[in-house]
Amino acid sequence: MPSPLRTAPQPPLRAFHNPPALRRLYSSTSHSAATPATSPFAPRHLLSIADLTPTEFATLVRNASSHKRAIKSGSIPQSLHGALSGKTVAMMFSKRSTRTRISTEGAVVQMGGHPMFLGKDDIQLGVNESLYDTAVVVSSMVECIVARVGKHADVADLAKHSTKPVINALCDSYHPLQAIADFQTISEHFAASGKGKLEGLGLNGLKIAWVGDANNVLFDMAISARKMGVDVAVATPKGYEIPKEMLEIIEKAGEGVKSPGKLVQTNVPEEAVKGADVLVTDTWVSMGQEEEAAKRLRDFAGFQITSELAKRGGAKEGWRFMHCLPRHPEEVADEVFYGHRSLVFPEAENRLWAAISALEGFVVNKGKIE
């Protein structure tokens, strides 16, 4: 009878499954040149409109409108047909949402993919494991991560370590998908058909008046406007102005632009709306600011957008109104919100087309925006 086969002693299970090379690669304290974050094959992410050239931003807006027209007419563009077939997109939302979730999940489905929603009860960034570990593991199993988080540092860390594209669906500093939808809405309403260079969307010289809190939606809107040659006047109560570091980012967004949009700030709503084509506001109390609600409501008294404010301040005769939603009555009067000047509901719908355009550019086309 032959003797039993003898095998060489095996290393401990932990060492076998975690060899030195992998320990170096996935260490949370040391990242060599071989890590996904610094690899020459690292994906391109959309964290802010500041990440885009003027031409790229205008292209995303134009593609959103083009896909909207085609799909609504019953013709799915060839570039989108089954573009995400067999692919999973992780929807990592640590903040609740209505429009963002419906629009991004709907966009993935329209393109043939599978959206996997991971809410705050499913995954808590940086709580049970490091953001590094989460980014590496999740990105190894999906085609893209769409992240709606609290802090910009969280989505930036996800992108730094993800091997797949990360699209920022909102953080405390930026909201790029909203900016694409906003400029799609403005372009569809104001731009002369077939006129204007690609970089400008035909909107050069337009003026936006923002009346309310200086927040993430405003920041990406102002960055976009600077790139597109659109002027922005911001009216906030004292103490609620755009932070200095964000002003520097907005200023830098105009570099290389022939006629960048101008940004001015005031504490007087009437001064901001003078000569404005579009009046915009947003919530005065964002998620996470609930304890400040009473003080904020007092501080923002007099900043409600009304027809009387527009008339008193001298907005242009054909002015229009926008709001990213959800809306509260203290921010804008019913007469404006539900009136003929409101672009609010087309703006909300355009979130779907903006998401489709972004997924096409950053996931399907690997960051090549064309």
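Backbone N, Cα and C define each Cβ position, glycine as well.
The structure displayed is predicted, hence computed values, not measured ones.
Per Swiss-Prot, transit peptide is recorded for 1-38, and the stated evidence type is sequence analysis.
Look at Swiss-Prot and you will find Ser97, Thr98, Arg99, Thr100, Arg148, His175, Gln178, Cys324, Leu325, Arg351 tagged as carbamoyl phosphate binding site, backed by similarity to another entry. Over all protein chains present, the Cβ of Arg99 (carbamoyl phosphate binding site) has 19 other Cβ atoms lying within 10 Å.
Taken from Swiss-Prot, the feature L-ornithine binding site covers Asn216, Asp282, Ser286, Met287, and the record attributes it to similarity to another entry. In sequence order, Gly212, Asp213, Asn215, Val217, Leu218, His323, Cys324, Glu331 make up the list of same-chain residues 6 or more apart from Asp282 (L-ornithine binding site) whose Cβ falls under 8 Å from its Cβ.
The active site, proton acceptor annotation in Swiss-Prot covers Cys324 and rests on similarity to another entry. In this structure, Cys324 (active site, proton acceptor) belongs to neither helix nor strand by DSSP; it is coil.
Excluding Ser97, Thr98, Arg99, Thr100, Arg148, His175, Gln178, Cys324, Leu325, Arg351 themselves, the residues of that chain whose CB lies within 8 A of the CB mean position for the carbamoyl phosphate site are, in sequence, Ser103, Ala169, Leu170, Leu177. Counting only residues at least six positions away in the same chain, the Cβ atoms of Met91, Met92, Phe93, Ser94, Lys95, Ser97, Thr100, Arg101, Ala169, Leu170, Cys171 sit under 8 Å from the Cβ of Arg148 (carbamoyl phosphate binding site).
Across the binding-site residues listed here (Ser97, Gln178, Ser286), the residue whose Cβ sits among the most other Cβ atoms within 10 Å is Gln178. Of all the recorded positions listed here (Cys324, Leu325), it is Leu325 whose C-beta has the fewest other C-beta atoms within 10 angstroms. Looking at Ser286 (L-ornithine binding site) and Leu325 (carbamoyl phosphate binding site), their Cα atoms lie 11 Å from each other. The number of other Cβ atoms within 10 Å of the Cβ belonging to Asn216 (L-ornithine binding site), over all protein chains shown, comes to 24.
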